[in-house]
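Notes to accompany the following structure.
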Amino acid sequence: MSWLEKIFNTSNIVSSRKASIPEGVWTKCTSCEQVLYSAELERNLEVCPKCDHHMRMKARKRLETFLDAEGRVEIGAELEPKDVLKFKDSKRYKDRISAAQKSSDETDALVVMKGTLLELPVVACAFEFSFMGGSMGSVVGARFVKAVDAAIENNCPLVCFSASGGARMQEALMSLMQMAKTSAALARLSRKGLPFFSVLTDPTMGGVSASLAMLGDINIGEPKALIGFAGRRVIEQTVREDLPEGFQRSEFLLEHGAIDMIVDRREMRQRIGGLMAKMTNQESPLVVPVDGSH
């Protein structure tokens with residue numbers, strides 16, 4: 001073997017390992033496409049620090065960051081979905097439920113908790129969009145009614161964060177009945193004089209937007225949230241007209257009086273806490289006075 005062959009002999013070369021980066025360390029913003037450090041994004045409540053784009057947030061994480069840390073109690077966790085109709089499309093509904101539970105780490109698309117917000121008692125619930133598109137089935141309806149019952153029992157406000165594609169197709173008429181069921185429950189809450197704060201996040205569509213999501217005493221949108229009943233293309237085909245740009249975004253809805261305000265997720269605790277204190281005539285040392293100009 002010549003001296004040159006000895007130098008380039010592969011057995012003498014020690015390969016340097018590529019530094020392995022664990023999965024999930026970095027995230028790309030879906031709006032500005034900046035690469036973000038996941039831990040920083042989580043600290044910022046899933047709001048892009050570069051462009052303020054509000055990304056979708058897990059229901060449980062949303063409630064844990066919204067409510068005070070002490071005294072949170074989950075409600076309705078014992079209720080689980082059942083395939084009463086033995087429904088099957090391209091896949092059995094039973095299999096869809098199992099897959100959704102595994103991927104989302106939730107048993108259904110609504111998580112309910114009671115606790116306090118800035119030391120004021122409250123019941124809060126949030127839709128889990130990763131569970132079958134946050135669709136509303138029998139369990140979602142039943143858990144929402146339990147949330148209303150808990151608010152009445154504790155004489156406190158109810159807050160709901162909606163993120164849903166609408167009624168759950170696989171439960172047919174039973175899912176449509178949840179629109180009436182949740183609306184009737186909110187009527188009971190209203191008769192008791194207890195406020196309901198509805199926070200519409202991206203996306204809030206279909207049967208959820210046509211029922212509980214739009215029945216708030218105060219309807220709050222997150223910035224640039226998609227809110228509506230049917231999709232843009234379906235509406236354009238029906239009315240045979242071109243629709244204005246962004247007509248289903250929260251900014252357009254605020255401009256036309258369909259919602260009451262738009263609140264940045266990072267300010268949600270203070271804004272809702274301040275409104276709760278005013279509407280229930282309570283005081284909390286943690287509430288910053290709400291500016292009436294907004």
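Using N, Cα and C of the backbone, Cβ positions are placed for all residues, glycine too.
According to Swiss-Prot, the protein carries these features:
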DOMAIN    25-294  domain 'CoA carboxyltransferase N-terminal'
BINDING   CYS29, CYS32, CYS48, CYS51  Zn(2+) binding site
ZN_FING   29-51  zinc finger
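Mean model confidence for the domain 'CoA carboxyltransferase N-terminal' (25-294) is a pLDDT of 95. The residues of the zinc finger (29-51), classed with DSSP into helix (H, G, I), strand (E, B) and coil, number 6 helix, 4 strand, 13 coil. In sequence order, THR30, SER31, GLU33, GLN34, LEU36, PRO49, LYS50, ASP52, HIS53 are the residues of the same chain, not among CYS29, CYS32, CYS48, CYS51, whose CB sits within 8 A of the CB centroid for the Zn(2+) site. Of all Cβ atoms in the protein chains displayed, 11 besides its own lie within 10 Å of the Cβ of CYS51 (Zn(2+) binding site). In this view, the densest Cβ surroundings among the binding-site residues CYS32, CYS48 belong to CYS48, judged by other Cβ atoms lying within 10 Å.
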